[in-house]
Amino acid sequence: MSGTPASEARYPRIVSAPPEAKKPPVRTLVYLVTLIFSLAGSGIFLASLTGLSLFSTATIARAADDTPAWSGEGRNQDTLFAVPATIAPDATLDALEKTITDVFRTRIDPSKGHSAGNVAELARSATIAGNTADDIVARLEPYEKIFKTMLDVLGPAPAKGAPPELPTLTAQRDRLLKAQNDLSGRLTRARLCALQAHQLVLVLSQRNNAVQQAMLLQRFPSPLAPAFWSNLSAEFPSNIARLRGFAGETAQTVASTAESSRLPTMLICFFGAAILFAAPFFLLKQARRAAARLLPDGRVRRIAAVLLYSACCAGFSGAGALVFWLGITGASDVEGSSFAELAGFVGSQIPLVGFMLGAGASMLAAGNPDWRVVPLGDATARALTPCTLWFALLILLRGILRYVDTGTILGPFGVQTADIIFVFIAAPLLFITPRQIVRQRDTASDETPLLQSTIGRAARILAFFISVFCGVVSLIGYIPLGYTTLSWICSMVVTGLGLSLVFLLVNDLATTVFTSSGRLGMQFVRLGISPRLVDQGCAVISGLFSILLVFVAIAVAQSGGDFDFSVISGNIGKVVFGQHIGGVTLSFDVILKCIAIPVIGHYLIRLTQNWLRNRLFPTTNLDVGSQTSIVTIFTYAAWILICLTVMSTIGITVSSMTWVVSALSVGIGFGLQSIVQNFVSGIILLAERPVTIGDLVQINGTTGDIRRISVRSTDIGLSDGSTMIVPNSQFITSAVRNVTLGHPTGAMSVSIGLPLGTDLTKAVGVMSKAMDTVPGLLKDPPPSVTIASIAADTVTLTASGKTSSPRNVDSAANAVRLALWTALHENGIVATVVPTG
């Protein structure tokens, strides 16, 4: 089936290769057998949705590849110089320029009234031309660098009076310059075409929005008034004539296919289509069996069965529609005909019909409540089954009305008649469905919580008002408003149902299967990944996937509810692959990169830190402080590099940060001065290492051990177990006593006052013997006792010694005082302990 617009079909014929010959019956039969028995449902699904639009794009690509290479000399055809002319032949560039010119002239022609369909058709033509030009530019740009490199190797031509070069080099340079000029001309033309096409797409999208808004509020005579029916009667003969012409074209296509030579092929296609359409009736049990075999019991199993069966229904219905189309047309080229356009619109809805029927049957599970996803009773599930079929037929009717709205098969009032029929088929469904749930709940014995919450009541009231609003505005003449509203709601119901099922499945898988206690999560734990990391990964991945689903829903909502997959894919592409706003790239993939780069950088930094500590530092003579300084400086440098990489990924460069640097300079002069001062001081401490981790320091009257040095502050552990945070600038601007710097041992001294007349020789001997018994003092150098001073009535003796560490000074001094006091009193010497030095 072909949903390709007329403009899209017209453009490839400008540049395409000659049309392919019709497939013989044998080739068609082989193709159909392969199609039927293959299980590539996704490829079939996409092919049925897009119709023959892929054929148009492939035709353009073949035209660019199959066009004769270069119109220059024949001997250059097989050289590198001829490749640019092969990629962008004059015929392709001329066709691009002609297409863009035609679109521009049609856009500005005031004599032609442009409907939303015509404007969308022009936008599609400009989009195809722009994409083709972008592809040509992307393929030509590498040769621009290649030619420049070759010219750099050859160098400039010899100056006058210089020795001549070899003739082969001169000829090579001339050919290269000629090829470079030719490449520059073709590349410039392609870039201009791409720029003009993208500008046209932007302008046409704005005009399309204006046309749609104008048509949305366009008022026709009320269907309750005689004027509406009189206008419809006036255009009735022309409508009948158009319908007869369409029927004749369709009958001629089918009749030409039903010739004796192709009748078996058509019958085989019909038989294959019947098999594909009937296959989903036998797959529900298999889908549930597969879900029960692979997933644990609970909601995740039921949702997986619903999604699997719905995807099968969509794929098989799309494949059946494609095979049926091949049977009707006999694989012949009917592109551009009205019959092909109708088939394209209807064919794009058939997979959606299959999806809704499959989802409704598997979710409601009228005969098997154990597999029911929604909290409904049996009576309610049976009552809602006809509503599912009603909605599926409504989607199919949308496809027909899309062709009627954009085509010329009916006049204006004929189109409005078809639209109001859709309104009065869709509005009752929107009104009946929630009331059917409530009614069946009241009459049945089972109690269901659905629609009893605040959100449920609000949704029921909103559905009632929307259905009444659309019916009323259609009856008073605003038929496009009522039709567009209900059509958009239909598309969002399908989108919301599909995305909700996917969201629930991913969320349930993340909380049951992939967690550290789940079946697959335990495998990751056995590989050495920590359970906490596995759980965090599940939470992050499910969250990012939810954001992606929101983007998809927004893209579908912005497409106008027509399920135009080219528009939807374009909207998703803008979100996923980025938009440039002021040089900054905002897209889903950029967000992923900005999250992935710091996460990966964090683990790389940890890996490097472990390698430094466990592998490199043990082989060196660096102390703990030096090792800590190296690791800290490396960590901060790595994080700065990661931040610069993230900024570069977003598109923020140094030049774009000029205003930030200027503002930062002003801030540094005021509020940020102390912060920057501490930062610079921290770098100095880490680099010069006047104090290191483990040093015992005294600063501003506080003594303690340095535990951590960061770029802003230093943590000092005090003797009472608390921590004092000192700004780094104080270590640079104030006096600091480093007790352990260069002196790993500690020193203590105790002074004792003795009265005049004391036997100093005996006192010194007693004190020396007492010092030798103190366990905390070093024997080398040995402790000493000296006469510090002799006053009028007192003689002061000082006992000194060394300890193994400055941290042992206090305990050693206390032990020395106790030993000296005891020894002196035992020997009858009266002593007075004076303050120690």
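Glycine is no exception: its Cβ is also placed from the backbone N, Cα and C atoms.
Annotated in TrEMBL:
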- 189-247: domain 'DUF3772' (DOMAIN)
- 675-740: domain 'Mechanosensitive ion channel MscS' (DOMAIN)
- 29-55: transmembrane segment (TRANSMEM)
- 263-284: transmembrane segment (TRANSMEM)
- 305-328: transmembrane segment (TRANSMEM)
- 348-367: transmembrane segment (TRANSMEM)
- 379-401: transmembrane segment (TRANSMEM)
- 413-432: transmembrane segment (TRANSMEM)
- 461-480: transmembrane segment (TRANSMEM)
- 486-516: transmembrane segment (TRANSMEM)
- 537-557: transmembrane segment (TRANSMEM)
- 577-605: transmembrane segment (TRANSMEM)
- 633-653: transmembrane segment (TRANSMEM)
Proximity of the transmembrane segment (537-557) to the transmembrane segment (486-516), 3+ C-beta pairs under 8 angstroms: yes
Folded-back contacts onto the transmembrane segment (486-516), same chain, C-beta under 8 angstroms, at least six residues removed: 295-296, 298-300, 303-304, 306-307, 310, 352, 355-356, 359, 391, 394-395, 398, 401, 422-423, 426-427, 430, 466, 470, 522, 524-525, 531-532, 534-535, 537-539, 541-542, 545-546, 549, 552-553, 556-557, 559-563
Residues of the domain 'Mechanosensitive ion channel MscS' (675-740) by DSSP state, where helix covers H, G and I: 20 helix, 25 strand, 21 coil
Helix, strand and coil residues within the domain 'DUF3772' (189-247) as assigned by DSSP: 49 helix, 0 strand, 10 coil
Intrachain residues whose Cβ lies under 8 Å of the transmembrane segment (413-432), provided they are six or more past its termini: 220, 223, 228, 231-232, 235, 239, 387, 390-391, 394, 397-398, 401, 404-405, 463-464, 466-468, 470-471, 474, 479-480, 482-483, 486-487, 489-490
For the domain 'DUF3772' (189-247), mean pLDDT (0 to 100): 82
Folded-back contacts onto the transmembrane segment (379-401), same chain, C-beta under 8 angstroms, at least six residues removed: 342, 345-350, 352-353, 356-357, 360-361, 364-366, 369, 372, 418-419, 422, 425-426, 429, 432-433, 436-437, 439-441, 443-444, 446, 448, 483, 487, 490, 493-494
